[in-house]
Amino acid sequence: MFHATTILAYKGNKGSIIGGDGQVSFGNTVLKGNAVKIRKLLGGKILAGFAGSTADAFNLFDMFERILESTKGDLLKAVIEFSKEWRKDKVLRKLEAMMLVLDREHIFLLSGTGDVVEPEDGKIAAIGSGGNYALAAARALDKFADINEEELVKESLKIAGEICIYTNTNIKTYALWDEK
């Protein structure tokens with residue numbers, strides 16, 4: 001399991017949101033509390049976040065963005081091409097990172113082995129050491145609470161930060177909202 005972060009992605013009726021906490025841990029020591037582990041890609045049309053080794057994640061972001069540009073922003077094609085490249089490259093297969101990527105139509109988890117997984121419900125995914133806590137909270141809030149997409153992500157990450165020692169409550173989010 002990758003320690004040191006929690007990333008949650010949510011695709012709601014009016015917008016898609018990605019959020020992450022700010023904690024960077026090394027062993028049992030907190031090195032930084034305000035890191036940003038989420039990004040906007042392709043001029044803000046795609047949202048992405050990572051869990052795992054920071055250096056590995058930046059390499060993956062760069063590679064994914066290059067592939068995303070070559071597919072002219074088609075997220076589905078990009079994740080498939082990314083997975084193919086990841087699986088055939090011996091160096092990439094040793095990287096210790098996972099990514100979540102989403103737009104308004106799709107949400108995908110890209111694993112450290114090159115797997116591409118679209119969540120069963122098509123709208124909520126989480127990675128990192130606090131990912132299961134955030135995922136459970138997001139599912140409950142999605143089902144029972146009357147809150148907007150951004151509040152759902154922030155509250156779910158806050159809950160994860162209160163439970164997981166590798167996750168804090170310094171939360172950053174990015175959003176893609178539907179045009180009005």
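The backbone N, Cα and C atoms fix where each Cβ goes, and this holds for glycine too.
Around Thr5 (active site), taking its Cβ as the centre, 29 other Cβ atoms fall within 10 Å, counting all chains. Taken from Swiss-Prot, the feature active site covers Thr5.
The Cβ of Thr167 (Na(+) binding site) has 30 neighbouring Cβ atoms from other residues within 10 Å, across all protein chains displayed. In the three-state DSSP assignment, the secondary structure recorded for Thr167 (Na(+) binding site) is coil. Look at Swiss-Prot and you will find Gly161, Cys164, Thr167 tagged as Na(+) binding site, backed by sequence analysis.
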Other CB atoms within 10 A, centred on Gly161 (Na(+) binding site): 22
CB contacts for Cys164 (Na(+) binding site) [other CB atoms within 10 A, all chains]: 22
